[in-house]
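See structure below.
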Amino acid sequence: MLDSIIKILFGSKHERDIKAMLPILHKINEKEAWALSLSEEEFKAKTDEFRERYQKGESLDSFIPEAFALAREAARRILGERPYDVQILGSLVLHSGKIVEMKTGEGKTLMSVAAAYLNSLTGKGVHIVTVNDYLAERDADWMRPVYSYLGVSVGVILSNMENDARRIEYNCDITYGTNNEFGFDYLRDNMQMRLKDKTQREFSFAIVDEIDSILIDEARTPLIISGAAEDDTQRFFEVDRLIGQLKEVEKNPETGEYPNELEGEEVIGDYTIDEKSKRVSFTDSGMLHIQDILQRQGLIKSGNLFDEENFEYIHYFTQSVRAHVLFHIDVDYVIQDGQVQIVDEFTGRVLEGRRYSDGLHQAIEAKEHIKIAQRNRTLATITFQNFFRMYDKLSGMTGTADTEAVEFTKIYNLDVVVIPTNLPVARKDEHDVIYLNENDKFEALCTEISEAYKRGQPVLVGTVSIEKSELISKLLTKRGVRHEVLNAKNHEREALIIAEAGAKGSVTIATNMAGRGTDIKLGGSPEMRAKKRTGTNPNPDYYEKVLAEEYAKWQSDYNEVKELGGLYVIGTERHESRRIDNQLRGRSGRQGDPGRSKFFLSLDDDLMRLFGGENLKNVMSKIGMRAGEPIEHPWINKSIEKAQTKVENRNFDIRKHLLEYDDVLNEQRSFIYEQRNAILEDENLIERIYATLEEFISEKFDEYSSSSKAEKEERARLIKDIFREKFSYTLTEEDFANIDKKNHEEEINEFVEHFTKELKEKEALAGKENLNMFIRYQYLQAIDKKWLDHLENLESLREAVYLRSYGQKNPLTEYKLEGFDIFYSMLDDIRIEIASRLVRVQISTEEEAHASRQMRSIQGNAQHNSMGSFSGSGHGMGPTALSARSRPENAQVVRTVPKVGRNDPCPCGSGKKYKYCCGKNG
């Protein structure tokens, strides 16, 4: 293998990448005999030595030859598998922070061991990211003995774990988990009220398995933690029963295009749809029709559709039309246990726990006449794009990445390196065959499957939806072809079905579920057959005996299937992405095995219909092609690839555009989370309050003093209101006269002194630690509340700026400018809110509290709080409440009562400030 790699001369970028790593590979191979001579104790001792050297300043790169040799030898001793040179090269690529493209069956899981081991030596933790819990747990269990032999701990994060268990797993040297769990834990950590409740460490190094699936396919789907919002479920039912009265705009029969309403062309219908982007737009007449429908139904009591109280009906109608016209059962979603479950278009799997946002999920539930779940409010959100960009070093592996190399470079600054296979690929990829219509296509491919079935060649049929997989199943049943169906409805049998997909005579119809994380062996799986015979928890000796028998039988089956040509992969439709097609092809021809692949297409397929089918249809008409006749030519393949490239470029632009918007939110989120963490760690929050309050007041006074004469009166009123309502502090005309002269340092100092004195009094009664706990809770509560409101404001802004493009304005620029304006406004609100809460909280003596309790009892107040707590403006103490044990003697916190501020007019009626009158000696 090494000799064949050395022969690579100047060639493609990938060949040059490989050539540059060969000297390091030589050094690793030279250390193999040294590693072979070490005992298990010496392996662990070497790991400790590496850690110590790293802490003293040596780089990880200086350990590569020895560390990789140790990892390779540990795998050989524990698993009986010695990583090939190509796997070592792949691990070098991972360590360098790049993406490895390695074909299916070449051992990506084993390839990651050396890179993960080397980077675990930093003590900062390594995250290995998989697409589901099953793979995370399987890979962790499989590789844990290897890492343990090296003296490295391994953890795994699963969806059903509690916080304490997660923290333990994250503190391991290497942690396996899914992209969802890592992302959600980040969001949950930044919602915690106590530092000790956080689970994750810093984001140092991540290896992402199936990285193209996570960073490309799921890039447009943000992670969202949500809570209950207002209940508007009845509106979805109301609108759903009315939606049948609306009609799609009639298209021009010659061009297949909608008439242009802006150019005065006649429009017949209420709405237009864009299947590519799944958008719905109402015409002017459609809007009036909706208004008329709502008025006749009595749903609009007064005014018109565009009045503020009625305008949201447009949103309900939009989502309802989308649900009926653009989202289809057994294609986009399935119904299981009375719930709408989303089907991943790329994997064919049910996305458990995921819901369409913005009311679309509720609209689909109304369409399907099942119980509508209440809409949720976003509490925290992040995209995978911005989550994974937080890692100091990011790498990944997949069987298909090269087609998206440009996007990986531009968005993530990740290079893609293609690693050659250990053995040459022997699969034969045939030209596509294309038919005029779908019926002809299905008839032809069922004939092809039947012929392969008769000769015993295993067949894997790839479909794009559950609906199509079930249709082909019915057609094959009529022909007497025994087969298995694998889709989101029967995913629990996935392991068993895939294990036998390479057996002689097997026919497997699968959605894209069969495209990832699976390894189809020719002749079937002897391990699965042995487990089936021995049952669960068999006697080890008996299991080994049965396994040996199955292996002997499998060897004969394997040779027979090889003679038949290996696994025959048949695609029933081209996907929008070439990667998905390549994944399907990659099920066949693993590790030098023979194989065959072929796609059967028609002009009715979505890709052909939406992206370039008209050109092909015209060509086929000119050459006199008839129904039932196929066409097979390299030109067809090029034309289809061109259509796919067009879609890929379009989808890349969409993802890039979404990221540009999300970067605005990401910058703001990072700032808020940094502030939150600082507050969790700060043991002297009073000083932070003083500083932020002084800064805020100074800004407000500066705004007043620098404003024009016409603006001054309004600004003075606003500042007075803030000080009176939030701080119980009155600013006089004399104060504003000084501020106007830009001589407001005295006023600032006076206010801060007043505020400081009040807090010192409260600190003396409550105790510094308890007051700090209270301030922390109130601070975090204020941040969280304002941040949630801000997320909603940004979402509304994003929808609003979209329309400004019609006014020749750049929506993104508008979003950035206004987004940061409302962000800074939110920061002001937080500063005011926390200071206001501290001003209003009251602390009284035990005697006063006792008298107050007696008075409440006399008045018949049934509410009783057995735990003394801070309270102010209705804000409870929450988890940091002062208990009787922690409270200083004779001190108790009770509910807020009206009080006179030192700068308020004295209640005696003298006209003087309270501090200069009756409060002089207070």
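Placement of Cβ uses the backbone N, Cα and C atoms for every residue, glycine included.
Among the residue ranges 724-765, 850-891, the one that Swiss-Prot annotates as region 'Disordered' is 850-891.
By the criterion of other Cβ atoms within 10 Å of the residue's own Cβ, the least surrounded of the binding-site residues Gly105, Gly107 is Gly107. Counted over every protein chain shown, other Cβ atoms within 10 Å are most numerous around Gln87 among the binding-site residues Gln87, Thr109. In the structure shown, across all protein chains, Glu106 is the one of the binding-site residues Glu106, Asp519 with the greatest number of other Cβ atoms within 10 Å. Same-chain residues at least 6 positions away in sequence with a Cβ under 8 Å from that of Lys108 (ATP binding site) are, in sequence order, Gly90, Val100, Met102, Asp209, Met397, Thr398, Gly399. Asp519 (ATP binding site) falls within neither a helix nor a strand when secondary structure is assigned with DSSP, and so counts as coil. Taking the centre of the Cβ atoms of Gln87, Gly105, Glu106, Gly107, Lys108, Thr109, Asp519 as the ATP site, the nearby residues of that chain (Cβ within 8 Å, site residues left out) are Met102, Thr104, Leu110, Met111.
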